[in-house]
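Colleague: The structure is given below, and queries will be raised subsequently.
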């Protein structure tokens, strides 16, 4: 079975609808915001564009991205594949992988044969905690690849010999406490069926 590895040159991040007004309704909202900020730092270092849909919480530092930030585009449909998104992707024929995080994400992106969709398990949530592992399982069944923000970041980084590895490593070190805290909340009880749990001490 081929391995769907991420490459910064062919990857785009999708930041979906993390709105301040959802704070009281979404389980682990602050943790989703923390993961979004971590991934934005990674995107900046690796020169990956971030496309945003819906209203984005000001606590998410999208301004730091400069020209790497696309949008935000309106999102009224329960869909990520809006006309604006289709146009943005059409203008970027090099993109083959989408890394998705946020709220109100949808399955229709996964149905597209043109893109491999990676879901950030510690960067998505729902109103109810019990729904999260069910939704992740459904997305995995439909063809999405489930990963954590850290595993996805390291996959994109690829090589410690790269010139920007020092800046990347600094982000990972700065985010250690936050990553651990987020992991206590998200994802909820999720472990893909074909992946055994590995103690961190063994890594």
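Cβ atoms here come from the backbone N, Cα and C positions, even for glycine.
Among the features that TrEMBL reports, domain 'Isochorismatase-like' is placed at 11-150.
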Colleague: Under DSSP, the domain 'Isochorismatase-like' (11-150) has how many residues in helix, strand and coil?
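Modeller: Breakdown, helix to coil: 53 helix, 33 strand, 54 coil.
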Colleague: Over the domain 'Isochorismatase-like' (11-150), work out the mean pLDDT and round it to an integer.
Modeller: 91
